[in-house]
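S.K.: According to Swiss-Prot, the record shows the following:
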BINDING   C82, C85, C88, C131  [4Fe-4S] cluster 1 binding site
BINDING   C92, C121, C124, C127  [4Fe-4S] cluster 2 binding site
COMPBIAS  198-220  compositional bias 'Basic and acidic residues'
DOMAIN    71-102  domain '4Fe-4S ferredoxin-type 1'
REGION    187-220  region 'Disordered'
Amino acid sequence: MAKQEYKQLPKRSEVHSATEQFKDTIKTSLGLDLFKGLGLTIKEFFSPSVTIHYPMEQLPLSPRYRAVHHLQRLLDSGSERCIGCGLCEKICTSNCIRIITHKGEDNRKKIDSYTINLGRCIYCGLCAEVCPELAIVMGNRFENASTQRSQYGSKSEFLTNEQDAKNCSHAEFLGFGAVSPNYNERMQATPLDYVQEPSKEESKEETPTRSESHKGDENV
């Protein structure tokens, strides 16, 4: 282990008399430290402001920002995307998602209740990642402060408006949990992707026809 060497700084002489205190004050006031602080203050005074008048003004958030959840609908039909599989409820680390379902006449799950306790949620985004239908996603509504300890969110608060989905007034979700736009370019090719199948023209050239094979037999 390397030996650490410490450099001891000279101790500052103690000031006792009033004359020495006055000299020390003048030296500190007219030294470089004062002008450095004033220079920084003047520089920041004339620099452009980085603050905004919240809540009248709000900064744009990233599309992958993790805030209050949002339940999606199909854009064309307006049907709910959630199939009631319960994966979001099982993977939730804070145990804040509660789903109650029943089996319908068509032997498919029907959702009776879907609640999220926003007071317990840590907004990790695991529910959005595990959802196979992209039904639950992370939105950008971060103003969810409440004076009540038991703060629950019902399904109607998170669900997209059916008429907006049918009219396609909103685009497909591109936030946290969605597939990246350039996912094809980022995917790594598997060994099977390098095996190229022969084209039809090459297979015709390599495989002789029946008439040519019969002519070869007659010549023999």
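We count from 1, first residue shown onward.
Each residue, glycine too, has its Cβ placed from N, Cα and C.
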S.K.: Same-chain Cβ contacts of the domain '4Fe-4S ferredoxin-type 1' (71-102) under 8 Å, 6 or more residues past its ends?
M.R.: 108-122, 124, 126-127, 130-137, 155, 158-160, 162-163, 165-166, 168, 170, 172-173
S.K.: For the [4Fe-4S] cluster 2 site (C92, C121, C124, C127), what does the 8 A shell look like? I mean other same-chain residues with CB within 8 A of the CB centroid.
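M.R.: Same chain, not in C92, C121, C124, C127, Cβ within 8 Å: C88, I91, T93, S94, C96, I97, I122, Y123, G125, L126.
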S.K.: Report the residues of the chain - excluding C82, C85, C88, C131 - with C-beta within 8 Å of the mean position of the site's C-beta atoms, for the recorded [4Fe-4S] cluster 1 site, in sequence order.
M.R.: I83, G84, G86, L87, C127, V130, P132, E133, A135, I136
S.K.: Between 0 and 100, where does the mean pLDDT of the domain '4Fe-4S ferredoxin-type 1' (71-102) sit?
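M.R.: Mean model confidence (pLDDT) across the domain '4Fe-4S ferredoxin-type 1' (71-102) is 90.
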S.K.: Within the domain '4Fe-4S ferredoxin-type 1' (71-102), how many residues are helix, strand or coil going by DSSP?
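M.R.: In the domain '4Fe-4S ferredoxin-type 1' (71-102), the DSSP-based counts are 5 helix, 9 strand, 18 coil.
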S.K.: So how many other Cβ atoms are close to C88 ([4Fe-4S] cluster 1 binding site), meaning within 10 Å of its Cβ?
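M.R.: Looking across every protein chain shown, the total is 21.
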